[in-house]
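Here TrEMBL flags 7-25, 31-48, 60-79, 85-107, 119-136, 148-171, 178-199, 205-228, 240-260, 266-289, 301-323 as transmembrane segment.
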Amino acid sequence: MIVLKRVLPGSLFCLVVGLVCVLVQRLVPEVSALLIAILAGIIAANLVKLPAVLDDGVAFSAKKILRTGIVLLGFSIVLDDIVALGWGVVLVIVAVVFGGLFGTMLIGRRLGVTRSQSILIGAGFSVCGAAAVAGVESTIKRKDSEVATAIALVVLYGTLMILVAPLALGAAGLDDRLAGLIAGSSIHEVAQVVAVGGIMGGGVLTVAVIVKLARVLMLAPMIAVLGLMERNREDRGHRAPIVPLFVAGFIAASVVATMVDLPTGFLSVISFLQTLCLAAAMFALGLGIKFAQFKQVGFRPVLLGGLSTVLVAVISTVGMILVS
C-alpha cells in the first residue's frame, strides 16, 4: 500500500499526459503519440522542475508501464511472422548484437572510456536499450553513475533516431519491408522502434517490431557471453533473469495471438491500452533527459554513444540490404 501511494501520483501524471498524446494522434493521425510524448517529456525536464512527489511514479512509468505496453504489443504479433523473417535476417540480427557490442568496446578503449562503461553502452545500443543495460549491469563490475550514463545515452540517441530514421529511410525510397528491417535492427528501445514505425506507417511498424523483439531475445546469449568473460570479477552481485520477464510476457501474448482467434473488439481495446502505456512511458523517459547531465560525464561517453549508434546502423543497413 505504501509503495502504491508513492508511485500513484507520478504514474497517473504520465498516463494522463499519455492519454492526451493518444487523443492528439486520433485527431491528427499523421502525428505519432509516442513522438509527442517523448518531446513533451524532454521539454518539461529542461524547462520545469516537477514536484518530487512525482519521481517514483515517473520511474515506475519508464520501466513497468513501458514493459506492460510491450507485453500488450505481443497480441499484435504472431510467431509465424518471426519464422518468416528467414535465416538471412536472423544472421544479420546476430551480427548487429555482437558486432555492435564488441565494436563499441573496441571504440571505447580507443577513446579512453572505461571498459565497464563501454560494455553498458554497447549492450544498450546493440540489443534493447535500458532493459539491456539493466540486465548486463549485474554481471560486470561497474559504477552506478556508469549505468545512469548508459541509460541516459540510450534515451538521448534513441530519441534522435526517432527524428532522423523516418526522414532517412523515407528519403532512401525503401519499400516497407526493408525499411522495417533496418529500423527494427538499428534503433535502441522497443518503444522507439514503435514510434518510428508509427511515424512511417504502412507495413513498416509490424516488420520493425518483429525484428526488434528478435533482437531483444538476443539479450540472453549476450549476457551469457559477458558472464563468461567476467567470471573472475570480485563481486558477482545479483544476477538478473537471462530473459527479462517482459520478453516472456511478449512471447506468451504472441503465442496466444497465434493459436487463438481473438475477437476484434478485444484486440481494439488491447491496441488502445498498448499505445497509452507506451506513450506514458515515452513521456517518462523524456523526463529523464536533462541536457546539463551530459556536461558532468564528459564528452567521451557521449561521443562513444554516437559512434555506437552509427556502427549499429551501418551493420544493420548493409546486412539487411544484402539479405533482402
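The backbone N, Cα and C atoms fix where each Cβ goes, and this holds for glycine too.
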Which one, 31-48, 85-107, 148-171, 301-323, has the most C-beta pairs under 8 Å toward the transmembrane segment (7-25)?
31-48
Which sequence positions outside the transmembrane segment (301-323), separated from its termini by at least 6 residues, show Cβ-Cβ distances below 8 Å to it?
86, 88-89, 91-92, 95-96, 99-100, 103-104, 107-108, 111, 113, 117-118, 121-122, 125-126, 149, 153-154, 156-157, 160-161, 178, 181-182, 185-186, 188, 294
To the transmembrane segment (31-48), which of 148-171, 178-199, 205-228, 266-289 is linked by the most Cβ pairs under 8 Å?
266-289
Who are the chain neighbours of the transmembrane segment (205-228) in space, where the CB to CB distance is under 8 Å and they lie at least 6 residues beyond its ends?
73, 76-77, 81-82, 85, 89-90, 93-94, 96-98, 101, 119, 123, 126-128, 131-132, 135-136, 139-140, 176-177, 179-181, 183-185, 187, 190, 193-194, 196-198, 240, 242-244, 247, 250
Stretch in 148-171, 178-199, 266-289 most in contact with the transmembrane segment (60-79), if contact is a CB pair under 8 A:
266-289
Long-range environment of the transmembrane segment (85-107) - Cβ separation under 8 angstroms, sequence gap at least 6:
115, 118-119, 121-123, 125-127, 181, 185-186, 210-211, 214-215, 218, 222, 225, 304, 307-308, 311-312, 315-316, 319-320, 322-323
